[in-house]
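For reference, the structure discussed in these notes is given below.
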Amino acid sequence: MRNFWSFPSSCLTAVASSVPRPASRSQAARVLHNLPRASTAFPQPSRSTRAFSLTSRLFQHLRAASDEETMTVNTTDRLAALRSLMKERNVDIYVVPSEDSHASEYIAECDARRAFISGFTGSAGTAVVTLDKAALATDGRYFNQASKQLDENWHLLKTGLQDVPTWQEWTADESAGGKSVGIDPTLISPAVADKLDGDIKKHGGAGLKAINENLVDLVWGDSRPPRPSEPVFLLGAKYSGKGTAEKLTNLRKELEKKKAAAFVVSMLDEIAWLFNLRGNDITYNPVFFSYAIVTKDSATLYVDESKLNDEVKQYLAENGTGIKPYNDLFKDTEILANAAKSTSESDKPTKYLVSNKASWALKLALGGEKHVDEVRSPIGDAKAIKNETELEGMRRCHIRDGAALIKYFAWLEDQLINKKAKLDEVEAADQLEQFRSEQADFVGLSFDTISSTGPNGAIIHYKPERGACSVINPNAIYLCDSGAQFYDGTTDVTRTLHFGQPTDAERKSYTLVLKGNIALDMAVFPKGTSGFALDALARQFLWKYGLDYRHGTGHGVGSFLNVHEGPIGIGTRKAYIDVPLAPGNVLSIEPGYYEDGNYGIRIENLAIVREVKTEHQFGDKPYLGFEHVTMVPYCRKLIDESLLTQEEKDWLNKSNKEIRKNMAGYFDGDQLTTEWLLRETSPF
């Protein structure tokens, strides 16, 4: 989302009235992305409401101009062009991942190669193209979407279903007979590349081949969107809480521990955090395209210098950080590799550290296995433990975010029940964004709002599209999963509501999910406990009835950074076993239940991990618990009190009292919202 704070009102109005009507929603996004940006200075609170009111009208103007996109793309010509390039390079099979060269979850349009070649636009999936076949693998969240978007050229691999091969297995099977498999090495990690290479050879293939030019980019040609080049701005100490000099000192201590000469940083959110900078190159994530190299006595940021204003340049200089062009990174890693080779005859060869999410290309450029150690990033670990300034920012921004959501839910109920309005899912989400934009320090959304009515809520990662989404049914369950970026924090909250009369089955399902949320929130556990160990607490009440949900229970959240942040989480992923929760972590608690074709239920809060006092301390270990920061009440209509224990009722009463206290002053003169809040937070 753009920063419009510095525009005069007349300028915003003029821009809103002059933009052309885009032909599709994606074109609308590009129009938004190319609007001018005047300043990266922090906003003036006194101007926020007016500026964002105009900004929101601009977004609504653009969105309203969007027509329904064609669900299926004819990929025949694209595949023919790709296969021609494959033949020229003696490649029999070509793999197209979803990720960019920084392993980003969200990517810029210029990096949406898998979407371009296949027509499938979901966030997760891998395309594999042979000289006569094409397969797209994705998980259960996207089976329905992929089946609609893929044309007859493609075979859908439904990952996770019995007897369905993974994309790696399918690729290895197809490689039999000495076929070569190619991939852009910047888009795959060394570990995945190494395993894939071994699997290919076991099946009689020639192995995995690094193709340094991306073949999909060549097919895309001049139609490929340009790489974003948005301004980078400084996140001051008021929000960051810790200076870059201190962060670099701590990182160098890690280098010393591991006897490494340098750490090459490739993850965009890690670079943004390390240097206290933020950008706008990727939708919903305040990051910018860059790399960094930190040695024992130097730090270099690889970034397009035209993005940096004088304030940023001065800050970097004051913190001992040089600036080099983004494209110089691989040239400089080769220099490091050559330096390492010159000392390779010694007993202790030079070692460089990279994240275990870094690219295969980066490892190769640094000299390969002998000179590179892939590690869980020490920056990622440090970033996941928020300092007191960041934690207080998370508390504050969730109060403001809660005020916006409470106002929205009261408004939506009034529109549907009292005014009998016909609102579709996107129109409702637009209004929520408007309410959020009126809050101080609002920057933009942290992800696409999941505004879903009835059966759409059962699609876990449902994304409503203008012109193709459902009208909200007041007599069906409504699930809203949404979040925002504020200068002082990132929010992510899900609430499930019913505006009519829910069935007994719906109330039971909702209450079982709520009990799981409460149980995990109330958990006390010894230091060293992982999110893997805690996952069952949220599922236990569903399990008693033979029910469950097919997603993790929680993910880490950044501080005005990515809404999904590693390395912590709550769930059954193997990665969560290795990383214990620690005081200062911020993560979601979001159990759910989904009945295909009928409804979906999810209740999500963000919580801070903190040390708690216990009567005893077995093994002299400190004990930890959660402090939830989300300030939005639960749907009274959907709660079956007969299923709640007195302890759970006490927890709800305490939570509701806290919400009322924090909302003081937000709804003065707003009778509609005030009455809704008092009703939803009435004592049990």
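Placement of Cβ uses the backbone N, Cα and C atoms for every residue, glycine included.
Small disclaimer: the values here were computed from a predicted structure and weren't measured.
Copied from TrEMBL, the annotated features are:
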DOMAIN    78-200  domain 'Creatinase N-terminal'
DOMAIN    392-611  domain 'Peptidase M24'
DOMAIN    622-684  domain 'Peptidase M24 C-terminal'
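Counting residue by residue with DSSP, the domain 'Creatinase N-terminal' (78-200) contains 52 helix, 22 strand, 49 coil. Look at the domain 'Peptidase M24 C-terminal' (622-684): DSSP puts its residues at 33 helix, 6 strand, 24 coil. The domain 'Creatinase N-terminal' (78-200) scores a mean pLDDT of 95 in the predicted structure.
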